[in-house]
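According to TrEMBL, the protein has these features:
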type	residues	note
TRANSMEM	A:14-34	transmembrane segment
DOMAIN	A:14-410	domain 'Ammonium transporter AmtB-like'
TRANSMEM	A:46-64	transmembrane segment
TRANSMEM	A:102-124	transmembrane segment
TRANSMEM	A:131-151	transmembrane segment
TRANSMEM	A:171-190	transmembrane segment
TRANSMEM	A:202-221	transmembrane segment
TRANSMEM	A:233-254	transmembrane segment
TRANSMEM	A:261-279	transmembrane segment
TRANSMEM	A:285-305	transmembrane segment
TRANSMEM	A:317-338	transmembrane segment
TRANSMEM	A:358-380	transmembrane segment
Amino acid sequence: MPLAAASADTGDTAWLLAATALVLLMTPGLALFYGGMVRTKSVLNMLMMSFVSIALVTVVWLAAGYSLAFGEDAAGGLIGGLDHVGMSGLGPDSVQGTVPTILFATFQLTFAIVTAALVSGAVADRAKFGAWLVFVPVWALLVYVPVAHWVWGPGGWILERLGALDFAGGLPVEIVSGASGLALCLVLGPRMGFKKEAMRPHNLPMVMLGAGLLWFGWFGFNAGSALGANGLAAAAFLNTLAAGCTGLLGWLFVEQKRDGHPTTLGAASGAVAGLVAITPSCGSVSLLGALVVGLAAGVVCSYAVSWKFKLNYDDSLDVVGVHLVGGVIGTLLIGVFAVESMTGGAEGLLYGGGLGQLGRQLVAVVVVAAYAFGVTYGIGKLIDVTMGLRASEEQEQTGLDLTVHAETAYDHGVLGHGAPVSSSVVPHAQKVTPQA
Amino acid sequence: MKLITAIVKPYRLDEVKNALQELGVHGLTVSEASGYGRQRGHTEVYRGAEYQVDLVPKVRIEVVVEDADADAVIDAVVKAAHTGKIGDGKVWALPVDTVVRVRTGERGPDAL
C-alpha cells in the first residue's frame with residue numbers, strides 16, 4: 001500500500017476514475033456473457049442476478065465491507081477494523097496513495113461486485129431469486145471481504161506477511177468466485193435434465209458482445225490496479241491484451257484438434273480464460289510470461305470445462321473451469337515468470353528466483369480456495385435449510401423468467417405484430433392505468 | 001382437387017415458388033416446420049460438449065390444385081427442391097372435398 005501523499009495527483013485520479021467505470025461495466029458485460037449462454041426461458045433471471053449484485057454489494061460495501069477489507073488491520077492480518085463503517089471519516093480530502101480514498105474504495109467496490117456476479121454462473125437456471133438476494137450480501141461480508149483484506153488490506157497476511165503476489169485479483173476475484181461457485185452448485189445439485197438434455201446457449205452473439213465488454217472493462221481492472229497513471233499501468237495493460245489473445249488462440253487450437261470446429265463460444269471463453277489468468281500476474285510478469293500465461297489458460301481451461309460431465313457437478317456456465325482453473329494457473333505462474341523490473345524485488349523460477357515464490361503462491365492458492373469453498377458451502381447449506389436455495393420444479397421447468405419475474409425476454413410470434421395470437425389485455429391492467 | 005404438401009429445405013423455397021408461378025399456380029401457403037428423416041439432424045459443439053440436434057429446420061409449402069394439374073405440380077416441386085443431398089424433403093398429395101374463396105363465396109375449382 002503506497003504511503004499517504006499530501007494531496008491527490010490529478011493524473012492518477014483521472015485514470016482511476018476512468019478505470020473504476022471500466023470495471024463497473026464488466027458486470028453488465030458479464031450479464032450478457034452469461035445471459036447468452038443460458039436457455040431462452042431464464043435469460044432475464046441470469047441478467048438480473050448480475051444487476052442486483054451491483055446494488056446489493058454496493059450497499060454492503062458502503063455499510064461495512066470497505067472498512068473490514070481496507071480499514072486498519074484488527075486481527076493478525078485476517079480482517080480490518082470498523083473505523084470506517086458507513087464510510088465514516090472519509091471525505092473528499094482523504095487520500096490513499098495518490099488518489100482520493102473514496103475513489104480507491106469505489107474502485108475496490110467494483111471488484112467485489114463483479115466477483116459476486118461471477119458466482120451466479122454456477123447456479124444458472126435453478127437458484128431461487130430470493131435466496132440469491134440473501135446469499136450475496138452474506139457471502140460478500142464473510143467470503144470476499146476477508147480475502148480482500150488478506151491480499152490487499154493494510155497488514156493483510158498474504159501479501160504483507162506471506163509475500164505472495166497478486167496484482168489485480170487472482171485470489172479474491174478469480175479463485176474465490178470459482179471455489180464459491182463450485183460449493184454453491186454442489187449444494188444446489190444439477191439442473192433438471194443435466195447430461196440428458198441439450199442445454200445450448202440461446203444467443204451466441206450476446207455472449208460475444210458480453211465477452212467484448214468484459215475484455216474492455218478488464219483494462220480498467222488490471223491497469224487500474226497500478227492505482228496510478230504510470231508505466232506499471234501501461235505494462236499491465238499490454239500484458240492483459242497479450243494474454244487475452246493467446247488465451248483465445250489456445251482454446252481455438254484445442255477445439256480444432258479435439259472437435260474439428262473452432263467455435264465462437266470457444267473464442268469468447270478462451271479470451272476470458274486468458275484474461276482471468278493474467279489478472280493476478282499482469283503487474284509481475286514479463287511480456288513473454290503474459291503470452292505463456294494466456295496460452296496455458298486457454299489450453300488447460302478448454303479441457304477443464306468438461307470436468308463437470310465427468311465428475312457430475314453442474315457448474316452451469318463453467319465458473320470452475322474458467323475462473324478457478326484460470327485463476328490458479330495465473331497465480332501460480334507468477335512464481336515462474338515474475339521479473340524484478342515489474343515486482344521491484346521478487347523473481348520467478350525462470351528468472352533465477354528459485355522455488356520460493358512459487359511455494360508462496362501455492363500456499364496462497366490453497367488457503368484461499370479452501371476458505372472460499374468451505375464458507376460458501378456453509379452459507380449455501382444454511383440458506384437451503386432455512387428459506388430454500390433451489391427454485392421449485394415447476395419454476396425450473398417453465399423457466400425463471402416467467403415464474404419469478406413475470407416477464408419473457410423475447411416475443412417471436414409472427415402473428416399479430418409479434419404478439420402471441422392469444423394475447424390480450426387483462427382487465428386487471430386497468431387498475432394501474434394512469435388517471436388523465 | 002388435390003392438396004399438395006411439400007416439406008423442403010428452406011433455401012429451396014424461392015426455386016419452388018418460381019417453378020409454381022411458371023406453372024400458373026396462383027396461390028400457396030408457406031409455414032416453418034421442423035423434423036427429421038433418414039439424416040437424423042445434426043451435431044453442435046459447445047465448449048467441447050457435443051449436442052445431437054435431431055429436429056432440423058424445414059419449410060412446408062401447401063397448394064390446392066385441380067386433379068388434372070396435380071402430377072405436373074408435384075413434378076415441378078420435386079425438380080425445384082432437389083439438391084441430391086440427404087434431407088431434401090418429401091412431397092405428398094391428398095384429396096380435397098371443398099374449397100371456398102372467403103371474399104366471394106365461390107366454391108370448388110372456381111375458388112382456386
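Heads up, the Cβ atoms here are built off N, Cα and C, so glycines get one too.
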Contact ranking winner - A:46-64, A:233-254, A:261-279 against the transmembrane segment (A:171-190), Cβ under 8 Å: A:261-279
Winner by Cβ pairs under 8 Å against the transmembrane segment (A:202-221), considering only A:14-34, A:131-151, A:233-254, A:285-305: A:14-34
Feature contact check the transmembrane segment (A:285-305) with the transmembrane segment (A:358-380), CB under 8 Å, 3 or more pairs: no
Contact ranking winner - A:14-34, A:102-124, A:285-305, A:317-338 against the transmembrane segment (A:131-151), Cβ under 8 Å: A:102-124
The domain 'Ammonium transporter AmtB-like' (A:14-410) [mean pLDDT, rounded to integer]: 96
Whether the transmembrane segment (A:261-279) meets the transmembrane segment (A:102-124): three or more C-beta pairs under 8 angstroms: no
Top Cβ-contact partner of the transmembrane segment (A:14-34) among A:102-124, A:285-305, A:317-338 (pairs under 8 Å): A:102-124
Spatial neighbours of the transmembrane segment (A:102-124) far in sequence, C-beta under 8 Å, 6+ residues away: 13, 16-17, 19-20, 23-24, 26-27, 30-31, 34, 37-38, 42, 46, 49-50, 53-54, 56-58, 61-62, 65-66, 69-70, 87, 90-92, 94, 96, 132, 136, 139-140, 144-145, 148, 152, 169, 172-173, 176-178, 180-182, 184-185, 188, 191, 221, 224, 227, 315-320, 323, 376
